[in-house]
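One structure is given below, encoded as structure tokens.
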Amino acid sequence: MEIRRSSEEVEDNHVMQITGSNVIVHNMEFMSQAYLRNQYSSEIDIHEEAVSSYPHEDAPLPIFLKFEDVEYKVRNIHASSANLVKKMVSKVVTHTNPDPDGYKHILKGITGSTGPGEILALMGPSGSGKTTLLKIMGGRLTDNVKGKLTYNDIPYSPAVKRRIGFVTQDDVLLPQLTVEETLAFAAFLRLPSSMSKEQKYAKVEMIIKELGLERCRHTRVGGGFVKGISGGERKRTSIAYEILVDPSLLLLDEPTSGLDSTSATKLLHILQGVAKAGRTVITTIHQPSSRMFHMFDKLLLISEGHPAFYGKARESMEYFSSLRILPEIAMNPAEFLLDLATGQVSDISLPDELSAYKTAQPDSEEVLAKYLQLKYKTELEPKEKEENHGNKKAPEHLQIAIQVKKDWTLSWWDQFLIIFRRTFRERRRDYFDKLRLVQSLGVAVVLGLLWWKSKTDTEAHLRDQVGLMFYICIFWTSSSLFGAVYVFPFEKIYLVKERKADMYRLSVYYVCSTLCDMVAHVLYPTFFMTIVYFMAEFKRTIPCFLFTLLTILLIAITSQGAGEFLGASVLSIKRAGMIASLVLMLFLLTGGYYVQHIPIFMQWLKYLSFMHYGFRLLLKVQYSGDQLFDCESKGGCRALQSSSSFDTVNLNGGLQELWFLLAMAFGYRLCTYFCLRKKISICHL
């Protein structure tokens, strides 16, 4: 869809002109009136083609976004604190005075609109509220938001969520997957089930070619400590990830950050093509080049949460010229606007009523900001509300269509198969890590040599063998617990992003995650026990070996569930590690080896310890209460049950610990799911 402007080409010569304060000062009142008369009367409706082309099987649903008097505030933590020192420090440090109720205003009455075929740029200095406004538009911030925000004149609802693509400033992509795998899995999950596998692959191929990702398609995305593609390629992959499913509204947070000018311009050309296909594109931008600046259709300039300008990007210089605010040297329009937003008036000509404040540095920034806000409120905002927020409504069929919630494109089982494959490919390098294998086998060999052909003929030998069993419990409890506790804190940002986009059911993700991780928690203990069991010469019967192995696997799987629960309950790497260490220490002390006779008021701890049940089950599997030992002592042979090592364990008491472990393994996972559901719903990127 072509965006046509008849009068804008003439304005370009004025944008980069070297303008002195004495050259274009005359007839400013006339220019201001003429600007306001022509700004909206000459505007061409660029949305007709998008509306008329819908419904079309390949066309995204057109979205007309309107936001009016949007305000947002956050609670000031220090202001609500009882510590007087913190309150005083907060007042000195903060730039925005909080309200008496302890809140700090971030956005203060933002108004504007945009539609399909347009690129709206949100520009302003760091901390002005650009990203906050973008998150509100994407439905990712809903608390403490005031004002009116509509999509085709319909307020935000869950039905809108799946029509929005959100590209964050930090590219949130799984680092171990290649570019092609990342897009392919996204296509299988998010594209409709009516499309065949070949059609989904074809769309991935088309997106890869359109965004110039052919060279890096088989390269890992990388990120953090994983080597991968370049920053520009990662940014294009993030955009491809979102436009793959034809979002009606595409939001991008600082898409050009970290890119050189050429790469940034290429990226803007791509976004122009995305917009011309009938989508609404909104992006935050910090300081674009002059070429990029003229590629934006609309511009919203934000200064400390207040709007300073809204309108066509190409007409921004004309507007400020009508206010007698002019650059005195050749200047990038974006640089000029940022200087105004921050109150930096060097090399800028001001009107007579403001020129007196130009030398008064402490007051000039605040005075200029208030002047721009006043002009916006009196000249731009009333016209915008009258033209786009009054009686002008989106077509009725678009209002109805935006309220229709898209069903899941795949069934639970189909999502499970795709997510399981993706999770396994992402984590397989951790599962089959050589160092992890060497650790398991190495510890097994060392233990086998230390307890080489251990016996139970004396009390001392029996205690040694019981000590080996408890150490095995400790080793696999700690390995499985710490192997699982960091999974969800590490993957939180990926999970939050994909859940906000409704890519899959949370239950599918969790089941796939825990089943994939079980590969390692089953494989390595099996190798370990096969070596230790025969080197230490435990009871050599097939049933006893299988039950011992089953017990160790059950301990590992229960520990995995406990680790997942602890990680999901805090979703913080630092806190999860600290809590896991504390829980492991408590379970270790109450496991039944170091302290067998626990005081009554502390006995409740051992019933929470899966190590307690696992250790008792190991002893019952390996030993029989009627078995004789210590026959060479003066008192003659004794039954194993009489040994002090089994004072609190009835070796012939059945295997009820097995059911306790199974119940705990299932219970931990159930709690993990509900913790994840609650935590992820309140998390924001």
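Cβ atoms here come from the backbone N, Cα and C positions, even for glycine.
On a predicted model such as this, the values are computed, not experimentally measured, just so you know.
These come from TrEMBL:
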- 65-329: domain 'ABC transporter' (DOMAIN)
- 435-452: transmembrane segment (TRANSMEM)
- 468-488: transmembrane segment (TRANSMEM)
- 508-534: transmembrane segment (TRANSMEM)
- 540-557: transmembrane segment (TRANSMEM)
- 578-595: transmembrane segment (TRANSMEM)
- 658-676: transmembrane segment (TRANSMEM)
For the transmembrane segment (435-452), sequence-distant contacts whose Cβ falls under 8 Å of one of its Cβ atoms, 6 or more beyond its ends: 464-465, 468, 471-472, 475, 520, 524-525, 527-529, 531-532, 534-537
Remote residues contacting the transmembrane segment (658-676) - C-beta distance under 8 A, at least 6 residues beyond either end: 488, 495, 506-507, 510, 514, 551, 554-555, 557-558, 561-562, 564-565, 568-569, 610, 613-614, 617
Contacting positions for the transmembrane segment (508-534) when only residues 6+ beyond its ends and CB under 8 Å are counted: 412, 415-416, 419-420, 423-424, 427, 430-431, 436-437, 440-441, 443-445, 447-448, 451, 468, 472, 476, 479-480, 483-484, 487, 491, 495, 498, 540, 545, 548-549, 552-553, 556-557, 560-561, 564, 669, 672-673, 676
Predicted model, mean pLDDT over the domain 'ABC transporter' (65-329): 85
